[in-house]
Amino acid sequence: MRHRIAVIGGGPAGLTFARVLHRHDHPVTVLERDPARDARPPGGTLDLHEELGQLALGKAGLLAEFQALSRPEGQAMRILDTDGTVLRDWQPRPDDRANPEIDRGTLRDLLLGPLDVRWGRGVTEVVPGTRDGVLVRFADGRQATFDLVVGADGAWSRVRPAVSPATPHYTGITMVETSLDDVDTRHPDLARLIGDGSMAVFGVNRNLVAQRNSGGHVKVHAQFRAPLDWHTNLDRHMGLNQRAGLDLADVEAVRSSLLALFDGWAAPVLDLLRHGTAFVHRPLYVLPVSHTWAHVPGVTLLGDAAHLMPPLGVGANLAMLEGAELAESVTAAPGPGDLDEAVRAFEQQMWARAGRWAKITMAGLERLVSPDPTEALALFDEVQPS
Ligand SMILES: Cc1cc2nc3c(=O)[nH]c(=O)nc-3n(C[C@H](O)[C@H](O)[C@H](O)COP(=O)(O)OP(=O)(O)OC[C@H]3O[C@@H](n4cnc5c(N)ncnc54)[C@H](O)[C@@H]3O)c2cc1C
């Protein structure tokens with residue numbers, strides 16, 4: 001029996017789910033809000049772990065292609081003191097394939113392959129338990145029904161309210177992202193400083209991380225503790241001598257506020273901010289640790305929609321493995337009752353694993369943006385010994 005299955009969202013979770021179903025010749029409708037594949041920049045680089053994201057790609061039959069496209073050298077990690085002294089300079093062995101990096105756009109294209117995504121289909125609401133199945137309403141007024149609707153629509157999921165009242169809350173830590181292009185030719189000193197992978201500098205309650213993507217592109221993340229409305233009064237909230245509110249769309253104003261916030265750090269490190277192009281404001285939100293819900297027949301969640309956690313390198317990995325596992329469970333479930341049992345069992349497994357990672361990443365975030373910067377170094381030594 002062929003179940004009518006829809007997945008809402010074409011991110012790592014939704015596409016992996018659809019791709020594994022496709023491999024098993026099971027039809028699936030992929031509904032994505034973005035109007036087209038390249039409607040917005042795909043974002044930075046992701047490291048895919050052997051036991052999570054790479055396992056999922058294996059289930060999709062895409063591991064060999066991933067290995068050809070990914071950057072094992074991107075695992076390199078350098079940590080500097082705020083005065084520029086190199087504290088750690090970790091290089092992967094040439095055969096190390098534990099956590100290679102891949103650009104998000106490359107991963108998306110790899111997963112998309114033959115999939116037929118319905119672009120421009122923003123979902124507004126999901127209503128379980130109608131006579132014809134689970135009803136999906138779209139922003140353009142259309143609607144459709146399915147036997148199973150999988151919410152893989154990220155942090156601000158419109159599917160989640162069908163199963164859970166939980167909403168993301170602010171962690172107290174904000175990230176501002178900028179980027180540099182053609183770093184090897186335009187900023188060779190910065191290229192050397194960053195190396196082949198990532199470079200991080202940890203100060204009191206703040207850090208700066210630069211991460212190499214392919215093609216000489218570098219993403220820089222400034223993270224700091226701040227109230228959500230920190231930009232409305234830099235004097236009161238950030239101790240900066242500037243009373244007027246900061247216009248987050250004003251590139252030069254954001255640059256100068258960040259330079260003031262990281263004042264006193266080594267000049268080459270601050271050059272990452274001086275040469276950054278646009279700045280994107282990303283307050284870090286999370287769902288409650290160990291978020292679960294009472295099972296609702298016909299609807300489930302994957303990835304950030306189910307367990308948004310701090311960006312410490314596992315969110316996409318979990319999202320992909322969950323997508324692959326749910327797809328395998330669904331294809332092994334012949335009848336309607338079997339489908340529901342398969343989804344229930346999958347949820348139990350997802351909640352247990354995601355709960356463990358949510359605790360680890362929350363504790364990790366506290367240590368990476370800590371009043372005591374040696375905590376960040378200690379965390380690095382725990383996870384990356386030698
Ligand atoms: C700076 C940063 C760095 C990170 N680095 C890593 C890393 O190295 N490794 C890692 O594993 N994780 C990393 N993460 C986390 C990772 O990005 C997320 O966990 C992952 O993208 C979650 O995938 P997802 O498919 O669940 O959701 P998303 O990637 O958010 O995808 C959701 C999709 O649903 C679509 N959508 C949203 N709403 C609707 C709607 N109403 N209707 C239809 N479609 C909709 C969106 O357009 C999007 O395509 C990082 C996160 C950040 C912010």
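Cβ atoms here come from the backbone N, Cα and C positions, even for glycine.
Note: TrEMBL annotation is automatic and uncurated.
TrEMBL annotations:
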type: BINDING; residues: ARG40; note: NADPH binding site
type: BINDING; residues: ASP47, ARG104, ASP304; note: FAD binding site
type: DOMAIN; residues: 5-184; note: domain 'FAD-binding'
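On the structure: features taken from TrEMBL.
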residue: ARG40; record: NADPH binding site; Cβ neighbours (10 Å): 8
residue: ASP47; record: FAD binding site; Cβ neighbours (10 Å): 21
residue: ARG104; record: FAD binding site; Cβ neighbours (10 Å): 17
residue: ASP304; record: FAD binding site; Cβ neighbours (10 Å): 27
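Distance from the CA of the residue listed as 'NADPH binding site' to the CA of ARG104 (FAD binding site) is 12 Å. Across the residues annotated as binding FAD (ASP47, ARG104, ASP304), the two Cα atoms farthest apart lie 17 Å from each other. When the Cα atoms are compared, ASP47 (FAD binding site) and ARG40 (NADPH binding site) turn out to be 21 Å apart. The separation of ARG40 (NADPH binding site) from ASP304 (FAD binding site), Cα to Cα, is 19 Å.
Candidate binding-site residues: ARG40, ASP47, ARG104. Those with a Cβ under 6 Å from ligand 1, in sequence order, are ASP47. In the three-state DSSP reading, ARG40 (NADPH binding site) counts as coil.
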